[in-house]
Amino acid sequence: MFSIDLIQQIKEWKRGSTLPICLGCDVGGSGLRVRLSDFHDSAKYVDLGHAKAQKTAELLKVLEDLQQKILQVEPTTVCLGAAIAVAGPIKNNTVILTNWKGPAEERTLSITQLPKGLFPKDRSYFLNDLEAGAYGVIAAYEQSILEENFVQLFTDRAPTGPILAKGRTAVLAMGSGLGAALVTRTPLLKNPLVLPTELGHLQIAPNMATHKYFQDEQELIQHISDHYYGGKLDPEYEDICSGRGLQLAFQFYHKKLTGEVLPLEQIDAGDVAKKAIAGEKDAYNALRAHYIFYLRAAKAIATSLSCESCVLSLDNQVKNHPFVMKIAKELEEEFYEFIRPDWMTSVRVYSQKSILNFNILGTDYMAHAIANKPQ
C-alpha cells in the first residue's frame, strides 16, 4: 500500500473550495507506481513509489486504499483525469495483463472496475505500456529533460539531430516483452500523436547461408522455435528480445559451452545480464544475441515506418548501458546491414543511459490531456 505521509503533500496544492488533481499509474510485472499531480500545474507532483500487485484483485485493493487515504488527507480532493499504463492488447477498455502470471480471469482488468474517485467516468484512459512510454518521451521533450537521458549511437554513420524527430520516431523497449510505438509529428496536428503497435511480434528475419553468423544464428533460432513452436515456425522478435528470450539464449549458449542443459526456471534474466557485463562467456554471448536481434527488429520497424530516429528506452536499456556501449560496433554493423543501405543513412539511433520513468511521465501527460479535454 502507498504511504499516507507522501499523500499529505497534495494539501499544498489547494487553491479554492476543492483540490483538483490528475493521476498517472504504471502497472508493471510486480506491481504499480502512481503519480499524483496538481491539475493546475503538472510541475507540482508527488510520486508515491511502488505497491505490490500481480492480480486484478490485488491492484484494485491498492487503488481503493489509495482513494480512501487521499480523501482522509483532503476530503475535497477531486480527480479530473487519470491514465493507466498496462501490458497487453486493450479492447473495449479491457485488458488481460500479459506481464502477470496465472489464469486469465485473475489478470483481466476493465476500466469500469477502477475506483471512480480516482478514475472518473469519461476522463480515464487505458494506455498500452509502450504507448505510455512514447507519450513520456513527448513529455520529457516538452520539459527539456529528454536529451540528457540518452546517448546517440553510431555517430560515424548517422547525422546528429533531435531525439524526437520532426517527422516520425520509433520508441522501443525490451522488458517482459518487446514493445514498439510510433510518435509522429505533422503540421496537420497541434500535438504529437502516438500510435501503439504490436511490431515486437514480427517474425525474425534470418541471415542467409553465406553470412558469417549464419550457423550460430540458425542454431539459436531453431532452439527458440523448438521451445515455442515445435521447431516448425520462425520465432518472433519478442521470443529473444525479452526477459524470457534472454533466458532461452543463455540456455542455448551455456549448453554450447558446457554441454549442460539448465532448466529455464533456474535461469534469471537479470543475473544473465550482470554476468554478461562481467564478461562470462555464455552470458556474454546470450546478451549479445539479445541485442543483435533487438537492433534487427529496430531496423525493420524504423525502415517500415519511415522513421528519422529510433529510441531504445526504459530501465533494462539503462542497466545494460555499459554492455551496449561495449558492443556498439557490432550493433552498428547489424543496424546498417540492409538490402537497401541508402534507406539507413539518415536514421538516428539513441540509447537511454540514465533512469527516467517514461511510463509515469506518459500517463501523467495523458491524464492532464484528458482532464483538459472539452466536454
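Cβ coordinates come from backbone N, Cα and C, glycine included.
The ATP binding site annotation in Swiss-Prot covers C25, D26, V27, G28, G29, S30, and the record cites sequence analysis as its basis. Counting only residues at least six positions away in the same chain, the Cβ atoms of L32, R33, V34, R35, L63, A82, A83, I84, A85, T363 sit under 8 Å from the Cβ of C25 (ATP binding site).
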Legend entry - Distant-in-sequence Cβ neighbours of G28 (ATP binding site), under 8 Å, six or more positions away: A87, N99
Legend entry - In the chain carrying V27 (ATP binding site), residues 6 or more apart in sequence that have Cβ under 8 angstroms from it: A53, L59, I84, A85, V86, A87, L97, D129
Legend entry - Other CB atoms within 10 A, centred on G29 (ATP binding site): 15
